[in-house]
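See below for the structure under consideration.
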Amino acid sequence: MYAHLAQMLNLLVTPSSGPATVFTDGPIPDNDAMKEALGKVDALKFNVETGKVIRLVPAVAPDIGVTVVVEGGKEYKLGYLGHKPYTVVAGKAMITRLGAEIEENPVMGEHVKTVDPLGSTNVKGVFVAGDAATPMKAVANAIGTGERYCRSWDRAAVDNGGHGEDLSLEEVHINTRPSSTATEFDKTHHIIEKMYPLESVRHLVVEQSQLCYILFGAVLAYAGWRWVLRLDILNEAITDLMSNLLNYYLTRRYPIHHSETGQQIPGRSYRWPNGQGDQGKFLDGIENRAQWAKEHGRIYRIWAGTTPEVVLQTPEHIKLVFRDSDRHSKAVNNDSGYLMGQVLGQCLGLISGGDWRRVREVCEAAFTHSKAINYLDLIHSRVGDYLQKCTALQRGTLNPADDFKFLPFLVVGDILYGHMTQEMEDELRQMAPLRERLFQFVIRGGLARYTWSQYLPTEANHALREFRSRWVAFNQAAYCRARERGATATPVYQLFTAVSDGMITAANAYQTLDEMLFANLDVTLGGLSWNPVFLAANPAVQEELYENITAAQEAEGPAMPMYLQDSSTYLAACILESSRLKPLAAFSVPQAAPTARVLDGYVIAGGTNYIVDAYALNVEHEFWGPDRHEYRPGRFLGVKGADLRYHMWRFGFGPRQCLGKYVADLILRVFLVHLVRNWRLGFEDGQIADSREWKRDLDAWITHPTIELTCTPRGARA
């Protein structure tokens, strides 16, 4: 508990304040739990004082703070002092008579045991709410920490003539020995009243009462809405009414007019509560984009929640918008609302300006073009081991998205944390389904878009709390491991060192690691899983690639470092062609230009978010010729990267391209080399050859195939 409190206090540490100090009030017990807690404290670079605390001396007005005096006369002058006291349940006798069960924790204190999020107890009809129902007491923590705590000491000194009377440790109940009698509890309560005047306490009670009414009203509204949703006719009528009213308001709140005709930009009407995002953009985006383009032309507007997004489909428009992409800002929370903000809102890919530059400065060294090749042996080892153990390859039938799901996951994990232990791999595999379920709530939108939804007992909030708790614990342990091993080049070490130095926030670190591992699991898997499908559907291309790989292997050996770094090879062309025909998603993530743009006569204000229709650009545009729908990797041979600029969306445009693009390409190339030189891929009988008709996972926000392939060993493995 105290280690957790120390982590919270770490957010207040600044370069001028110096490291925080943890007072143990005596010798530290020698047990595993305490060793783990000290490991966390040590990782934060905190000082630890093991001397017995003798007294606390409050500052004299107008100064604030408190001086902690320990055995031997050593003094610590602090501006902020926090403590979590042992607490007992007030009205315990009444609760016991009711038969409600009271739990006791040797550190946290007592609380009434609840059996569900609604506060039910073991006694039917008896409910409990507030601090009585949780080990983590909000009021006790508020009293025990913060600026008001220090000011209250000053107030106590003034009440005693301004002499700064010393208050002993026993008087303020700051030690960890439990209060076992009512007399001791009353004594502590008396001291608290001394520290907080009655007006402050009354104000606190009023604020709590108001909050309770707000929460109660929110729960009632939520319950009422859930009931309304069961009545389909009424639900549809309410949705239509809300949609029409909000569409009328939003189109006037965010006008986009033609400079000559004055007409509004064409586009979709707002549909409550999500508009057209995220489900409309991602889950159903492939079907929707064709219909929307047909109805509205080559430039139009959609709504992500209540935020407008302008859809770009042509290289000319993209060039006009992205000419100053270094000054663009990403949409707040990706235009996906509150829950997205809690999961990835502070990650590298979704922040802008100075925050983005600081986080990128910490991360980029591990993902540069020159650094990526250093991971070649690691990637070869992971890929070879994974494919050798893949039961799908052994049985002769393969579903690429399912059977190769964790391959890029494990490679990236080794890069982020250093070579992972089996325990680390197991924990990440166990967290992956929870993270996937959490992101499904993000994509579905609805209540999860709104900040007030955090107060509701929803499954999304439960999943968020569970994932966040496990993710923080995993990364804290991984950081300690990296520090102990001297793995200072790993991103986990660099990120949390930057947090300690005050360069970035803890949220930046946790969410950027999440983005690199879990968010990019879907992204990398999307690119990795479509390549085998295209090769299986095109045997001639597959055989040409096999011959190309064999020749490179004979020239360089099995590792083929030069071949794998070369972006002009047939292997690289196959990957590009697959990415062209099957973009990761129908639309790019939203970002805004800093100044106004005029597109086809429509004046679009600075700060308006744009998204790119990837299929319109990658597949439908005439740049790709009459065979634009066919898989022909040769179209990329001899073509320079500059010639493709603004004609193909893959890693983005300009300085804000995907940080991990070099590592991602290397993973894809090594994977295809191992796969093609050892197995021959094919389609099952009756499988459709036209890629436009191939089935995909309709529940995945990134395009993943749901296609069974046949795989036959080519002979002795290389």
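Heads up, the Cβ atoms here are built off N, Cα and C, so glycines get one too.
If you look up Swiss-Prot, you'll see 1-215 marked as region 'Thioredoxin reductase ataT', on the strength of a curator's inference. Computed over the region 'Thioredoxin reductase ataT' (1-215), the whole-number mean pLDDT of the model equals 65.
Residues annotated as signal peptide in Swiss-Prot: 1-20.
Within 10 Å of the Cβ of Val88 (FAD binding site) there are 18 other Cβ atoms, across all protein chains. Feature annotation from Swiss-Prot assigns FAD binding site to 72-90, 109-114, 515-516; the stated evidence is similarity to another entry.
Sequence annotations record features per position, and here Swiss-Prot assigns region 'Cytochrome P450 monooxygenase ataC' to 216-718.
Other Cβ atoms within 10 Å of the Cβ of Asn334 (N-linked glycosylation site), summed over all protein chains shown, number 23. Residues annotated as N-linked glycosylation site in Swiss-Prot, with sequence analysis given as evidence: Asn334 (among others).
The local packing around Asn548 (N-linked glycosylation site), expressed as other Cβ atoms within 10 Å of its Cβ over all shown chains, amounts to 18. The N-linked glycosylation site annotation in Swiss-Prot covers Asn548 (among others), and the record cites sequence analysis as its basis.
The feature heme binding site is assigned by Swiss-Prot to Cys658. In sequence order, Gly349, Phe651, Gly652, Ala664 are the residues of the chain that are 6 or more apart from Cys658 (heme binding site) and have a CB within less than 8 Å of its CB.
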Candidate with the highest Cβ count within 10 Å, taken from the binding-site residues Tyr80, Thr114:
Thr114
Cα of Asn548 (N-linked glycosylation site) to Cα of Thr114 (FAD binding site): how many Å, rounded?
65
Between Asn334 (N-linked glycosylation site) and Val88 (FAD binding site), what C-alpha distance do you get in Å?
44
Cβ packing number for Glu110 (FAD binding site), 10 Å threshold:
19
Return the single residue from the binding-site residues list (Gly72, Tyr76) that has the minimum number of other CB atoms within 10 Å.
Gly72
